[in-house]
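In TrEMBL this protein carries:
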ACT_SITE  HIS205  active site, proton acceptor
BINDING   ASP60, ASN123, VAL147, GLY148, ASN149  NAD(+) binding site
BINDING   ARG110, ARG116, ASN149, ARG180  substrate binding site
DOMAIN    24-170  domain 'Lactate/malate dehydrogenase N-terminal'
DOMAIN    174-348  domain 'Lactate/malate dehydrogenase C-terminal'
Amino acid sequence: IRDCGFFPKDNMGFEKDDKSEPIRVLVTGAAGQIAYSLLYSIGNGSVFGKDQPIILVLLDITPMMGVLDGVLMELQDCALPLLKDVIATDKEEVAFKDLDVAILVGSMPRREGMERKDLLKANVKIFKSQGTALEKYAKKSVKVIVVGNPANTNCLTASKSAPSIPKENFSCLTRLDHNRAKSQIALKLGVTADDVKNVIIWGNHSSTQYPDVNHAKVKLQGKEVGVYEALKDDSWLKGEFITTVQQRGAAVIKARKLSSAMSAAKAISDHVRDIWFGTPEGEFVSMGVISDGNSYGIPDDLLYSFPVVIKNKTWKFVEGLPINDFSREKMDLTAKELAEEKETAFEFLSSA
């Protein structure tokens with residue numbers, strides 16, 4: 001729950017416009033445990049607003065259809081007024097039709113003894129197929145959010161397989177890492193997560209990610225101060241804080257014997273809600289986006305996590321943040337890993 005970075009955001013106070021037309025939202029891996037935590041939030045209006053009707057499309061693989069039927073029954077039993085229809089399917093041509101939003105949670109999980117390369121290969125196949133289905137069936141304005149790991153490279157694969165959908169429409173989830181970082185700072189200072197803003201996750205959603213609080217602010221006694229200034233503990237911020245956030249997923253698995261689901265679903269909700277309604281004034285968030293045209297020396301054509309602000313459903317890089325040598329090294333390291341992943345994935349992509 002700590003990792004959820006809960007903070008009271010007003011889901012009711014969004015400007016109203018005519019939202020009587022339902023939007024079509026796809027969740028893949030819909031029989032899995034992240035989706036189980038996510039679907040209720042989508043259905044109850046926490047993500048797209050309390051007056052936005054939704055047609056919810058659930059996709060999973062054929063062997064999971066029995067479980068998916070159970071999820072479908074539960075969604076019906078929630079009696080959610082915003083859910084105009086729920087469609088459960090194992091067919092991509094049904095799932096991707098006329099989509100407004102695609103949340104791609106399903107992926108091949110890493111099995112014991114599996115090399116990262118094997119994992120990439122299995123997932124290139126899945127995300128090439130789903131990218132092709134987006135290209136063929138979805139609206140060109142579709143917003144695509146990739147959660148399934150390796151999320152950055154899976155997202156790039158899907159985007160490359162859907163050339164007529166703007167690459168800016170594709171993003172991958174690093175909001176869970178962002179919320180984890182926010183929450184660790186809040187716990188250390190004895191404040192709530194809502195009092196901490198503008199942490200950054202740079203790079204890959206892997207253990208090379210760089211959680212950066214050089215630009216983060218915390219509200220103490222009604223005043224905003226820099227996190228470094230507030231904590232006065234540089235060695236923790238440059239050491240244990242970073243490794244805790246980088247390895248939090250593994251720590252949850254060790255404790256729970258299952259991977260993060262509740263906090264992952266909360267992060268997806270945050271990410272998608274910010275795309276839909278924009279980021280609050282003076283705040284930025286982290287998401288994996290296409291690196292083209294960034295001002296931080298990250299090579300083009302990588303799907304890399306940056307600080308962004310969002311307005312009118314369009315993200316922009318936060319520009320002009322000073323980068324110290326410590327940060328530079330960490331940012332380059334995770335870029336290098338992403339470039340290597342991309343190279344491996346694209347070898348498979350051309351043969352897939």
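Even glycines carry a Cβ here, placed using N, Cα and C.
Features as recorded by TrEMBL, highlighted on the structure.
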residue : record                       : contacts (Cβ under 8 Å, 6+ apart)
ASP60   : NAD(+) binding site          : THR28, GLY29, ALA30, ALA31, GLY32, VAL67, LEU68, ALA88, ASP90, GLY106
ARG110  : substrate binding site       : ARG116, LEU119, ASN149
ASN123  : NAD(+) binding site          : SER107, MET108, GLY148, ASN149, PRO150, THR153, ASN154, THR157
VAL147  : NAD(+) binding site          : GLY29, ILE34, ILE103, LEU104, VAL105, SER107, CYS172, LEU173, ALA264, ILE268
HIS205  : active site, proton acceptor : ASN149, PRO150, ALA151, ASN152, CYS172, LEU173, THR174, ASP177, GLY288, SER305
Roughly how wide, in whole Å, is the group ASP60, ASN123, VAL147, GLY148, ASN149 that binds NAD(+), by largest Cα to Cα distance?
16
Among the binding-site residues ARG116, ARG180, the one whose Cβ has the most other Cβ atoms within 10 Å is ARG180
According to DSSP, how is the domain 'Lactate/malate dehydrogenase N-terminal' (24-170) divided among helix, strand and coil residues?
66 helix, 27 strand, 54 coil
Across every protein chain in view, the count of C-beta atoms other than its own within 10 A of the C-beta of GLY148 (NAD(+) binding site) is 25
Row ASN149 (NAD(+) binding site), column other C-beta within 10 angstroms, all chains, value 20
Span of ARG110, ARG116, ASN149, ARG180 as binders of substrate, largest Cα separation rounded to whole Å, comes out at 24
